[in-house]
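What TrEMBL lists as domain 'Nucleoside phosphorylase' is 41-290. According to TrEMBL, the feature phosphate binding site maps to 81, 125, 126, 127, 128. Marked as substrate binding site by TrEMBL: 204, 206.
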């Protein structure tokens, strides 16, 4: 991919007269994708629409794109599935919670970038997670996304068959982000593996769900084994994010803050204002990275 254009791993799309991105309420027949999105170089995705709106406002101010009274309308206002905001070369998109939700969004997002003929695109997931053996508020830059059995792979059933894809992330981008954190020197940041689960409760070894068939001791054995395997946080999107971005040649990273140490408990008990500040940390790190990449002082 010498021209660094976004590519698809699907030959059928090129033969379609119209491509309807249903969950974005966008279509190649009704919208001029190159005019709307052709200048995009950075895409940041996260679970919450309000968080992604806050991020686009933050990064616009950091890049000097903000103007008094300026609004950032939701480009996907025709649907209530996802929200999308744009400021200059930065696109900010919500993805909901869990693998199915982010996977649907990513199919349409990657096609959007393809139809817009975007090139040299970096995509970063910013979010929250549960830490393992880390102080709450620590930021984890994912080296490798692994499943609940600690394997670096994403499994999907396609046409009744098990398909396994790699969850590799861009090592160079990991190091660039780590350097940005050192430049900022505002909070603790580590590089580690991230475990991606299909569930928030039993899938992550919590004792406080409606169902639980194991003991505190069982949970501790599992989480300590995860720590020994290099896992430093747990969330619910990184494996399919890494697999899809890698399959389409997108330079990608995952940057998540930890809201608690799962070795110490299951419920998030920090005050709201503390959690709000924690959630800004990935935004500040990625905002600084974008600013630095664009050569902004």
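The backbone N, Cα and C atoms fix where each Cβ goes, and this holds for glycine too.
Quick caveat, the model's predicted, so the values are computed rather than measured.
Note on residue 126 (phosphate binding site): other Cβ atoms within 10 Å of its Cβ, all shown chains, come to 26. The two recorded residues, residue 126 (phosphate binding site) and residue 206 (substrate binding site), show a Cα separation of 23 Å. Looking at the residues that bind phosphate per the record, 81, 125, 126, 127, 128, the two CA atoms farthest apart are separated by 20 Å.
Taking the C-alpha positions, the distance from residue 206 (substrate binding site) to residue 127 (phosphate binding site) comes to 20 Å.
Its own atom aside, the Cβ of residue 125 (phosphate binding site) has 28 Cβ atoms within 10 angstroms in the protein chains shown.
Here the candidates are the binding-site residues 81, 125, 127, 128, and by Cα distance the one nearest residue 204 (substrate binding site) turns out to be 128. Sequence-distant neighbours of residue 81 (phosphate binding site) (same chain, 6+ residues apart, CB-CB distance under 8 A): 23, 24, 96, 104, 105. Annotation for residue 127 (phosphate binding site): same-chain Cβ neighbours under 8 Å, separated by at least 6 residues, are 46, 47, 235, 237, 254, 255, 256, 257, 282.
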